[in-house]
Amino acid sequence: MAHRLLQDPEADGWERKDFPIICETCLGPNPYVRMQRMDYGSTCHISGRPYTVFRWRPGNDARYKKTIICQEVAKAKNVCQCCLLDLDYNLPVQVRDEALGMQADQLPASDAGKEYALQRMSDAGELDHSKFDTPTAPELLVKLQRTTPYYKRNQAKICSFFVKGMCKRGAECPYRHEMPIEGPLSKQNIKDRYYGVNDPVAEKMLGRAAEMQKLTPPEDTSIATLFVGGLGSEHSEADLRDIFYTHGELKSVKKLESKGVAFVTFTTRQGAEAAAEALSNRLIIKGQRCKLLWGRPQPGRAAGGPPHAPGGGGGAGAGFPTGMGPMAAYPSMDPTQAGTRGEGGPAGKRPSQGAQGGVDAQKRPRVPVPPPGGPPPVVTA
């Protein structure tokens, strides 16, 4: 054994790498990451082999993260070395294997058996992720996959001293001052996550996928419009046409920039039903998951629109009224009602004027009121 190691220093099987295999979420939003590398810094949590540990901080408000499994083990399942989620769909192993119809394969229990199994897989070229590649992703993966990074997963852990009421660091404490939430998600295991067995996160996602239902077409067969929500400024009407025109001829595509929604109208009801069935719970435009619903009829248009004004029939002068209608009479227009009514006195007299100091309302000049039909038309020769 010593003679073999002297001849080949890398024959011990220990991992020596220059960069880890991690997902975009664990890297963080900053494109420039300062990463620490520690050769043989720890042993793999799955195989027990010494490996190169990488440690970094994905953001200013995030905690320090590090790799917890070796790269050979990560390649065998196509998972991240830090969070143990699938690199392509960002889903737990249990969800991915169930969607692809794959059975969970476990490494041998003994250290020697794990070493032999990993070496055999490496020699046979089975550590690549080609077995997880499919020409068309299953519907379950498309429904549940996370299309954008979830950086909230990198936040600091809960301070255990704060839970006990003993933390004295205050604002300088690098951990979160929150009370933990009890539940099945609080009991997670690294090996269960890697092997895809009894993973509470995966079971929750599978239960949510079972509750998802497809869009039910409305009873009104005249509706051929689909509602698209969750759009951003980078999405255009041309992008919507490229996705929906394959299911039927489009009549119109209208996007409301202020609300981030769009309405896609088909020429036939069959085209709208085909698009709703194919894109329900799986509409992704430029990497962004969007919401798809059936449109609703507008009450005003369904009733036939607003009624036409009188006099709008055919013939000469159609659409123009023949004369002014009757004018509305208000109490303020009556000159006899001017002023306030005094106590015990007639209308039109103020309380301070009395019976003799006031002006008789009958002697006041009346304001001429135009006739109901309006002034007579002026006829020119």
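Positions of Cβ are set from backbone N, Cα and C atoms, glycine also.
Range annotated as zinc finger by TrEMBL, chosen from 97-124, 153-180, 237-264, 265-292: 153-180.
Per DSSP, the domain 'C3H1-type' (153-180) is made up of 10 helix, 3 strand, 15 coil.
Along the domain 'C3H1-type' (153-180), the predicted structure has mean pLDDT 90. Under DSSP, residues within the domain 'RRM' (224-297) fall into helix, strand and coil as 22 helix, 26 strand, 26 coil.
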